[in-house]
């Protein structure tokens with residue numbers, strides 16, 4: 001870990017740097033993968049399953065028998081936990097539905113918006129060392145609430161050609177329509193172009209490694225939308241003298257264990273809390289099963305002592321963390337100062353893990369500083385807003401002159417005429 005004591009603001013630009021991506025190397029691999037999938041379809045996906053996951057499978061689609069087998073293998077305690085999380089996530093996201101509000105902007109001119117679900121959405125669920133079945137909840141639930149007609153999941157198989165049972169159980173619980181055994185950039189390519197098995201989708205969601213993140217960005221060139229640039233996980237913790245070092249350390253490690261490219265930042269304005277938290281991080285790290293991942297992550301992470309707590313929030317806004325934990329006594333006072341963050345956790349007992357799993361908020365959040373201009377996933381991510389307007393004869397008479405003057409000033413006479421003929425018609429029929 002890198003320790004900084006009251007760094008001057010000129011050095012902050014260095015402290016907010018994320019671990020660098022090898023973009024050129026990764027882009028070349030992605031372009032080749034997309035080319036193969038677009039040409040060979042399922043055959044390319046099966047080849048990539050063998051190459052990257054050592055999985056020799058012919059049928060990419062998950063069968064109903066496989067789903068039933070997976071459901072039977074999940075213990076009741078985990079099923080209950082997933083179901084309880086589902087209820088909370090459903091409650092929070094269902095509350096985001098908006099009523100239709102018709103606004104009369106001028107007499108006879110009525111405008112409103114209506115929501116329509118994106119018809120086909122694709123969800124990428126990482127496998128590997130941490131099969132994220134919780135992400136199925138976070139993405140399939142709002143998709144279902146929005147009314148998406150087709151919700152497909154792609155996830156990499158293990159070497160035996162299976163997908164983690166918890167992922168399959170959660171997918172069927174949340175209304176996923178199809179599940180496929182394919183991962184990495186090739187899964188993103190499959191959902192972008194469509195193959196014999198995998199449908200082409202309108203929008204792709206989900207986290208992943210550097211290859212998946214950049215594959216999603218590349219997919220946009222082919223007319224597919226994505227949720228956001230979502231790369232390696234990160235957290236920033238702000239602590240004062242009332243913070244609990246044991247809690248802070250646990251929160252930092254909860255993100256560090258995601259992977260070697262994750263980043264954590266700890267800022268305190270109290271030297272005792274600062275030092276005790278560092279000790280706690282080292283103590284808890286020793287007994288973590290994912291010790292190696294967390295250790296590598298800590299190598300690129302920062303522990304910063306700032307005497308002024310206000311400066312801590314200035315730094316945080318500059319960094320724009322995916323997760324921001326505010327472990328200070330009077331956190332309500334500082335909420336208005338939080339400008340850039342994916343999701344915020346207030347007080348000593350609001351652990352980031354709650355948002356990851358079961359509080360109800362969504363854990364699919366912008367990383368790498370994109371919290372400055374992106375929101376986390378919500379119900380709105382799965383819908384489009386269509387504007388409507390209804391203009392009566394009285395309305396076109398009231399607003400018509402304004403339109404004619406503006407259209408003529410822009411030199412668009414056909415635009416002007418579209419109004420003029422209506423005004424003339426309404427005047428004659430009077």
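Cβ from N, Cα, C; glycine included.
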**Study point:** Annotated companion of 255, 258, 323, 356, 410, 415 at the substrate site, TrEMBL, chosen from 233, 375, 378, 426
**Key:** 233
Check your understanding: Using Cα coordinates, what distance in whole Å links residue 258 (substrate binding site) and residue 186 (NAD(+) binding site)?
Key -> 22
Exercise for review: Rank the binding-site residues 258, 415 by the number of other Cβ atoms within 10 Å of each Cβ and report the first-ranked residue.
Suggested key: 258
Check your understanding: Taking just the CA atoms, what is the gap between residue 186 (NAD(+) binding site) and residue 415 (substrate binding site) in Å?
Key -> 47
Revision key, fill the gap. Here the recorded positions are 233, 322, 323, and the Cα closest to that of residue 124 (NAD(+) binding site) is found at 233
